[in-house]
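Structure first, commentary second.
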Amino acid sequence: MSFLNRHRMIGLVVAFVVFVADQWLKSVVVNTLGLTQVGNHYDLLPFFDFTRTNNYGVSLGMFEATSMEMRWILVAMTAAIAVLVLVWMMRERKLWDIVALGMVLGGAIGNIRDRFLYGYVIDFADLHFGDFRPFLIFNVADAAITVGVVIILARALFMREKRSDEQEGGRAAPTATTTADDTSEDLTNA
């Protein structure tokens, strides 16, 4: 198996692990801890609890599905985005970008499954410092999507910055790149 195929397999495994972790923890919250109604609460730590909520929208509750038609439109839109992420991941060459895309894909599939089955996404992770909440209540899928996007953006910004510095310094950009985090057959600077 080539490096690229191994990397893509790693991306698919990451997506699967994120999906399973998301669905398992949602099951624990609802079935084991009994948080079946919006507002049900389970104390864990002074700054982190499980508080059940249903998210009828997408990111940050935007585009709330107030009808069955809107629910299925959101399912279709998010499924289309997940397919695009999968295609991107399968075409990507850099391992850490593939891992990040796997996180996004697994999170998207977890939330799509919820919306398909229930019409909403189950959120429960409640990070707070007293009454201050730096985030809305979220779930494992949301966290994986967020971390994956941050990794992709950070790598894109830093990699682009590094290449720009090399070119401004009068040195020609290399035609083949190998970094500590990418042992793939990446022969382009793209």
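Glycine is treated like the rest: Cβ placed from N, Cα and C.
The active site annotation in TrEMBL covers Asp123 (among others). Under the three-state DSSP scheme, Asp123 (active site) falls in the strand class.
What TrEMBL records for Asp142 (among others) is active site. Taking the Cβ of Asp142 (active site) as reference, residues of its chain lying under 8 Å away and at least six apart in sequence are, in sequence order, Gly107, Asn111, Asp123, Ala125.
What TrEMBL lists as compositional bias 'Low complexity' is 172-181.
Per TrEMBL, region 'Disordered' is recorded for 165-190.
Within the chain, the transmembrane segment (70-88) has long-range Cβ neighbours (under 8 A, six or more residues past its boundaries) at 56-58, 63-64, 101, 104-105, 108-109, 111-112, 115-116, 119. Positions annotated as transmembrane segment by TrEMBL: 70-88 (among others).
Residues 7-8, 10-19, 22-23, 26, 75, 78-79, 81-82, 85-86, 88-89, 121, 139-145, 147-149, 151-152, 155, 181-184 of the same chain sit 6 or more residues outside the transmembrane segment (95-112) yet have a Cβ under 8 Å from a Cβ within it. What TrEMBL lists as transmembrane segment is 95-112 (among others).
Counting residues 6+ beyond its ends, the transmembrane segment (132-154) has Cβ neighbours under 8 Å at 18-19, 21-22, 25-26, 51, 53, 60-61, 96-97, 99-104, 106-111, 121-126 in the same chain. According to TrEMBL, the feature transmembrane segment maps to 132-154 (among others).
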